[in-house]
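Asks: Below are the structure tokens for one structure; questions will follow.
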Amino acid sequence: MEKLTILLLVAAVLTSTQALIQGGGDERQKAKINFLSRSDRDCRGYDAPCSSGAPCCDWWTCSARTNRCF
């Protein structure tokens, strides 16, 4: 009975590995990472130089005196 259990576990691991290789598991993982790490790339963070072409993110304000986000 133990041999059958081990055999089934090995078969399950091999099957899932093969499915990842054939199914583009890396592409799916990269897409998931890109989606989760996506942010508003056009805005500037704290103390970054800002202008009309490179505005501060919504939660920061561009100082007219220093031209920096705060």
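Using N, Cα and C of the backbone, Cβ positions are placed for all residues, glycine too.
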Asks: Could you tell me which of C57, C62 is bonded to C43 by a disulfide, according to Swiss-Prot?
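Replies: Within the candidate set C57, C62, Swiss-Prot assigns the bond with C43 to C57.
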Asks: In Å, rounded, how far does the Cα of C43 (disulfide bond) sit from the Cα of C56 (disulfide bond)?
Replies: 5
Asks: Cβ neighbours within 10 Å, counted over all protein chains: which one of the disulfide-bonded residues C50, C56 has the most?
Replies: C50
Asks: List the Cα distance (Å, whole number) between W60 (6'-bromotryptophan) and C50 (disulfide bond).
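Replies: Cα to Cα, W60 (6'-bromotryptophan) and C50 (disulfide bond) are separated by 10 Å.
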